[in-house]
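Participant: In case it helps, TrEMBL gives these features for our protein:
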TRANSMEM  64-90  transmembrane segment
TRANSMEM  134-154  transmembrane segment
TRANSMEM  174-192  transmembrane segment
TRANSMEM  213-241  transmembrane segment
TRANSMEM  247-266  transmembrane segment
TRANSMEM  367-388  transmembrane segment
TRANSMEM  408-426  transmembrane segment
TRANSMEM  447-463  transmembrane segment
TRANSMEM  483-502  transmembrane segment
TRANSMEM  567-585  transmembrane segment
Amino acid sequence: MADIESSTDEIERKKKLSMDAIEHSTDEIEKKADEEIISFGKIESGNENQHSPGKRKKCGGWELASLLLVNQGLATLAFFGVGVNLVLFLTRVLDQDSAVAANNVSKWTGTVYLCSLIGAFLSDSYWGRYFTCAIFQLILVLGLGLLSFASWFFLISPTGCGDGMKLCNTPSSVGVVMFYLSIYLIALGYGGHQPTVATLGADQFDDSNPNAVISKAAFFSSFYFALNVGSLFSNTILVYYEDSGKWTLGFLVSFGAAIIALLLYLSGTSRYRYVKASGNPLPRVAQVFVAAYRKWGVTPATVDALYEVEGTESAIKGSRKILHSNDFKFLDKAATITSMDLRGPNNPWKLCTVTQVEEAKCVLKMLPIWLCTIIYSVIFTQMASLFVEQGDVMASKLKNFRIPAASMSAFDICSVLIWTGVYRHVVVPVSRSLTGNPKGLTEMQRMGTGLIIGMIAMVAAGVTEIQRLKSVSPGSKKSSLSIFWQVPQYVLVGASEVFMYVGQLEFFNGQAPDGIKSFGSSLCMASMSLGNYVSSLLINIVMEVTTRDGGPGWIPDDLNDGRMDRFYFLIAGLTAVDFIIYVYCAKWYNGINLDTSENVIQSEEQRKEVLASLMS
């Protein structure tokens, strides 16, 4: 019996020691869990196949953001290796007319940026940033591979054709189908990748850190800088080889750059700072309008009486609360509690939270500003179409070296690179001392400045075209005017981009609620998309009107018979009108007001999620 009692005591003693060890271990795990919970409480498990953030000692920061900047530069190199010379490929290899080729390029470029909305939707709603970027980069790689194959085996025949001198054989229907399939795969891949990688880069900075706002602003400037560094190679080296008939080589280099970009992106998988997808925003926004309509006869409640969930976390998964605003007050009806709402469980189609209502308001408030940026994208898209066609009929020889018309966009890129530095080191300090704003100019002031500079660029392009037409000899296809007359219009467009597009990235990403951040970033690209479609529409309208009397029109196949300068002046006039409307919208706009009472949200659900990941 003594032995049994002794054995029992020993078992109890060991059991007690084990329980103490477990308690100690649990305390340590809980402590780690508290340390690992990130800002907004948005922890993404990596789409079921990534490392959990809880298993990483360090994630995010400038190291990972820089990796994404390199990825962006290489992906842009790959994309512009196709896009920058596409108009000449269509005219020289596929034998399309100038106006038809310009329209096709505008439609294709518009599709690229329209696909950004698809990527943003999947990123915000279901896949998360990481998985969305990976999938669309893979599509980009497939598209470039197919294009290289199609040009090699079906389109470039005889070898070296499409250089402006040697004519290509009529392409086969199979080759044409493969060509269009490949370039629209490229459009889908690059378009879906762009806004998501920009938002993923911004996610690498924790908003609970006071320096996060400054870091994000620096990241967006660096993002556009990286984009232009990547396109610089495409607009100089690749353009030269493609212009000399080595189209397949240029496409293969783009293909290789896209592969390297994808591999670099995947190398950071275990160290990225992830943000959980917030679910489909479309039903959330629709619920606000449906609930407001159902209560159309109800007087909106006072701010304190509007419905909102308890605690620091909003009802929208992974999103901070948004404080009430006085804009679109009729939507407050959706958050007004009635006697019917007190009966039975909550129904989001009848009663919405203040945060949900404000999310819908944010979308409505951003739309007028976004619409005003579309005309600027009409200016921007001329660089890939009419600027190239204009340069192609100008004197482009420098001694024995022929300058490809598409390579003139290198001046735009250099202008962007220079003005990015000038803006950060000169404009910001000077404007900061004048306005007291830490950012110098507000995002809206920055975008307005971009509109004005873009308008001046169109005037410069029109003046260049007038001079070009004066220098055309009778019977000559090309003007004797030097192609370097185009430098001012390219430099001005580049300067305007630094103000407009970087300002757009900051504005839409900063003003978009947490649940639709990628959507906010995609609005910048969607503006480019509609700008391309509007440009195509303008060309069609102008050609329809100006050819009614049997004349060649403003933009005929032979530009020497046209008046493209008037088209440039037309765009400048439309931009002036757009600027007036933009100023009115900017004065009306009120920014998002986030609840910052808690910088870091630590809900019980999040604690359990991180705790489980640490114990697994």
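Placed from the backbone N, Cα and C atoms, the Cβ positions cover glycine too.
Structural setting of the listed features?
Facilitator: Sequence-distant contacts of the transmembrane segment (247-266) (same chain, six or more residues past either end, CB-CB distance under 8 Å): 67-68, 70-71, 74-75, 77-79, 81-82, 85, 89, 93, 133-134, 137-138, 140-141, 144-145, 147-148, 151-152, 155-156, 162, 234, 238-239, 241.
Long-range contacts of the transmembrane segment (567-585) within the same chain, counting only residues at least 6 positions beyond its ends with a Cβ under 8 Å from a Cβ of the stretch, are 368-369, 372, 375-376, 378-379, 382, 386, 447-448, 451-452, 454-455, 458-459, 461-462, 465, 538-539, 542, 554-555.
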Participant: Answer yes if the transmembrane segment (408-426) and the transmembrane segment (134-154) have at least three CB pairs under 8 Å among residue pairs 6 or more apart in sequence, and no otherwise.
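Facilitator: With fewer than 3 qualifying Cβ pairs, these stretches do not touch.
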Participant: For the transmembrane segment (447-463), give me same-chain residues lying six or more residues beyond its boundaries with a C-beta closer than 8 angstroms to one of its C-beta atoms, as numbers and ranges.
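Facilitator: Residues 369, 372-373, 375-376, 379-380, 382, 387, 390, 441, 486, 488-489, 492-493, 495-501, 503-504, 507, 565-566, 568-569, 571-572, 575-576, 578-579, 582-583, 586 contact the transmembrane segment (447-463) from elsewhere in the chain.
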Participant: Take a look at 134-154, 174-192, 213-241 and tell me which one has the most Cβ pairs under 8 Å to the transmembrane segment (64-90).
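Facilitator: Going through each listed stretch, the top one turns out to be 213-241.
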Participant: Per the 3+ Cβ pairs under 8 Å rule, pairs at least 6 apart in sequence, do the transmembrane segment (174-192) and the transmembrane segment (134-154) touch?
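Facilitator: Counting Cβ pairs under 8 Å, at least 3, so yes.
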Participant: So which of 134-154, 213-241, 483-502 is most in touch with the transmembrane segment (367-388), counting Cβ pairs under 8 Å?
Facilitator: 483-502
